[in-house]
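Undergrad: Following this message is one structure expressed as structure tokens.
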Amino acid sequence: MDPEGLAHLLPPATLAALADSWLREDCPGLNYVALVSGTAPSQAVLWAKSPGVLAGRPFLDAIFAQVNCQVSWFLPEGSKLVPVAKVAEVRGPAHCLLLGERVALNTLARCSGVASMAAAAVETARGTGWAGHVAGTRKTTPGFRLVEKYGLLVGGAAAHRYDLGGLVMVKDNHVMAAGGVKKAVRAARRAADFALKVEVECSSLQEAVEAAEAGADLVLLDNFRPEELHPTAATLKAQFPSVSVEASGGVRLDNLPQFCGPHIDVISLGMLTQAAPALDFSLKLFAEGATPVPHARRS
């Protein structure tokens, strides 16, 4: 999907609510430094100072809209950033612009970091000739999931399930609590009815076969070494060709190619969100008529 179109997935009311909550966290009461900056109309340039993929424009727009500022973008969503890049210009009252600055930078840096990591993983997987799905996981930052899931999409990865209601995933603890794979899957199948797919985490071929026999749509082969993963997936697919196979656990960028194979449909990586470094952005005010520069001028 075109990264520019992904913004339409984000409900405006949700964007506004998130922006409001982040701003309230940063300034729940008196903003003393507003007396320093004043209220004069001001302008600032958003600079990208590290390479990567630009992601998070809708969130930055929502943050600055909450503080009565306007954003003009110079680069589209999903752009490859080559530092130092002039990304956007923000205009508004000085105290409002600076009130939104840190929240906006944090959000854009995090979202772009996830998108950059996702893009690297997708490129690595495609380099092997594998055509399956590179996906994230539910290992996201509490309160920041929408930003991180959106970043995955901009980077070209699949978001996987957004929450517990998006897919019935039966994990090892569910199997333990239910008293076995078949009991757990049958209960999940009844709960899912026709509307949701059921995925089952399995640690052996026997569990995978039991899950498929009980009606699982997807089987997650968790923490399999590559030399075990591919024969297991091949055997399972031979018996149950309609069951999708996901590989997860211990997958990193450096070993991702080892997990790509003809019987693997999805490879999910928690590190896409857990290990993604934030990109470096800065916001610098400049005087009307002056040439913006990516560093503060000192007189």
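Just so it is clear, glycine is given a Cβ too, placed from its N, Cα and C backbone atoms.
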Undergrad: Write down the one residue from GLU77, GLU199, GLU201, GLU288 that Swiss-Prot lists together with ARG102, ARG138, LYS139, HIS160, ARG161, LYS171, ASP222, SER248, GLY249, GLY250, GLY270 as binding quinolinate.
TA: GLU201
Undergrad: Pick from 8-12, 68-72, 78-82: which range has region 'Important for hexamer formation' per Swiss-Prot?
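TA: So the range that Swiss-Prot calls region 'Important for hexamer formation' is 8-12.
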